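Note sheet for the following structure.
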């Protein structure tokens with residue numbers, strides 16, 4: 001390894017080891033939950049849009065927000081299967097077109 005041409009090759013081989021974080025570092029997900037009771041008022045524990053195996057505290061639907069008609073009321077003691085929470089009290093999840101539901105004032 002005394003050949004000066006080997007230095008760039010050695011650096012290239014060692015660079016991934018130098019840039020890799022130590023094992024044990026992990027992403028911290030804020031707002032992670034297992035059930036509604038772990039979330040604050042006006043929120044529910046819904047499936048993450050990005051990682052389906054994770055549930056996060058999500059705001060309940062306001063007027064005009066997309067919703068799912070089968071989303072259970074808060075608090076729900078089981079595990080939610082949708083990424084949306086139910087609409088806020090006084091609102092209903094109503095169909096606006098073939099495959100679209102939004103939170104609207106109850107009549």
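Any Cβ shown, glycine's included, is placed from N, Cα and C.
Copied over from Swiss-Prot, here are the features:
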- 1-26: signal peptide (SIGNAL)
- 33-45: disulfide bond (DISULFID)
- 39-57: disulfide bond (DISULFID)
- 44-85: disulfide bond (DISULFID)
- 67-93: disulfide bond (DISULFID)
- 87-103: disulfide bond (DISULFID)
Conformational class of residue 33 (disulfide bond) under the three-state DSSP mapping: coil
Cβ neighbour count within 10 Å of residue 33 (disulfide bond): 19
Whole-number Å value for how far residue 103 (disulfide bond) lies from residue 93 (disulfide bond) (Cα to Cα): 5
Residue among disulfide-bonded residues 44, 45, 57 with Cα closest to the Cα of residue 87 (disulfide bond): 44
